[in-house]
Amino acid sequence: MAQFVNGYINDLSAVKDNVKLRNTRIQATIRQKQVDKYKHQLQEGNAVTLQRYSLGEIQPKFRLLKNGLRLSFLSDTIVEKCNDFSGTMYGFDFRAFKTITNLGVEDVGQFDVIGQVIACDDLDCFDKNGKQGKKKPLTLLDAEGTEMRCTLWGAFAQQFSDFLQTCDDHSNIIVVLHLAMMKMWDGKMGIQNGYNATRLFLFGGKEAITAAEFKDVEDFRKLLLAKKSDETSEHTISISTASRYSTKEDFTTSAEMRHIVELLDIPKGTPSVIVGTIIAICEDEGWWYLGCGKCKKKVVKASDIVDLESETPKKQVGGPTEWWCSKCGEICSSLKTRFRLQVRVQDSTGTCSVSLFNDEVLSFADRSAYQLCDKYGKVSDSDFVPPEITKIVGTKYAFKIFMDKFNSTKLLPVFNVMRMSADKEIIETLHASATPLKQPNNEATSGSVPVVTSFELDSQTDDTTTPTSGKTDGKNKRPADDEAEGSMSSNGKKAAVEVKLEKDP
């Protein structure tokens, strides 16, 4: 028979082994048939006293907390309001990141963490096996300077994305994840929101936190501000992976600074750094595409893929609602809308085309490709580019670029952007370190060019470049990348694609 005890949580002991609890939290359980009896008294935030209950062990798979005891309500348990409760609502017990990241096996139970957001990916709205979901990967930094990966799912991912839109300063965002859980991913231990009981609290970090239950958060905020002047480039704040490592050293020491006119003489695959102004967006190349959730490759409708080796009539490899990834060689289980933008960049020696990918565009658009597609989905103009993207025209950037094998075969080469930064200090440093260009004797290769306006771009050799206010006839249009023409992207190109599928032996 169960033994009844009264007292505070700290004083509770399990009758079975007489082990005292050393924390101020305990998991409680109410049987379903008794929920209606107690639910009006057990609201979140209420302070109550309990009489006549039982204590027992709880199996690991059902634990929300690390300790192995739970409090169970009985049919005659008495619940009364507590008027002299002096504790805090959540009773935070923050865990140091090293005690998590150093583990090789996921620990049982949930716990609290607090950290500063130093990087975050865009909101991933995916579709897996017909079920829609959301994911938001973050990188957090604790008071000891340890980094840890944190993944928010579902409503928690959306909560963080909504907070970013209302927060003016992203450099001091503080995350408190109440009752988080461990998750091993890619050989590294991280955390994520739990399936039950998790709460996410977000703070901008600029204003003082006065609520009594968040006193520990205010202490962390003060410590964060005190250390701000000592921050190194290792912890440069970024709301996307695009500029997470866009430090001064990455531009000034890892690649040679060059002028645009010199780029075609550089071997493919060799990174270079240029400084130039974005003078136009290549609208006919589109600004988004639908990619594979695994490898990021552009996908095509599976119904547009035809197996050439099948018996007549030719057999389609998938249905009208399925998507095919040529890199994975299979029907995609998850999809993701991603940015891919081609722009024209100009310096004092010439112009060139560069491709900005998802992370780079996200760093200045402050919206994911999915969100912009949803916002402007009803726009019928195929050459439309959202104002969140076109605002970069006229802005000077430092670009770390290279040319891959595919782009080197194009009539008008396109360089891929590895990093980009509008930091004035980085740009000034690069200008100071640039080697003066030798002026040739003939006019045809002169190193000085006049300033080119968006309107004047229509008369240049690159017919595929369209300023934000102009149109082209689409001649010599290049595909966005080495993908099949039946892929889904913002330029609206669709066509049946015939491929040869290997047969199983």
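Yeah, the Cβs are placed from backbone N, Cα and C, and that goes for glycine too.
Bear in mind that the values here come from a model prediction, so they are computed numbers and not experimental data.
According to TrEMBL, the feature compositional bias 'Low complexity' maps to 462-471.
Look at TrEMBL and you will find 472-481 (among others) tagged as compositional bias 'Basic and acidic residues'.
Per TrEMBL, compositional bias 'Basic and acidic residues' is recorded for 495-505 (among others).
Here TrEMBL flags 24-82 as domain 'Replication protein A 70 kDa DNA-binding subunit B/D first OB fold'. Taken together, the residues in the domain 'Replication protein A 70 kDa DNA-binding subunit B/D first OB fold' (24-82) have a mean pLDDT of 83 on the 0 to 100 scale.
Residue counts for the domain 'Replication protein A OB' (110-175) under DSSP, split into helix (H, G, I), strand (E, B) and coil, are 12 helix, 35 strand, 19 coil. The feature domain 'Replication protein A OB' is assigned by TrEMBL to 110-175.
The domain 'Replication factor A C-terminal' annotation in TrEMBL covers 277-402.
The annotation region 'Disordered' is assigned in TrEMBL to 455-505.
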Item to check | DSSP-assigned states of the domain 'Replication protein A 70 kDa DNA-binding subunit B/D first OB fold' (24-82) in counts, ordered helix, strand, coil | outcome: 10 helix, 26 strand, 23 coil
Item to check | Helix, strand and coil totals (DSSP H, G, I; E, B; other) for the domain 'Replication factor A C-terminal' (277-402) | outcome: 25 helix, 49 strand, 52 coil
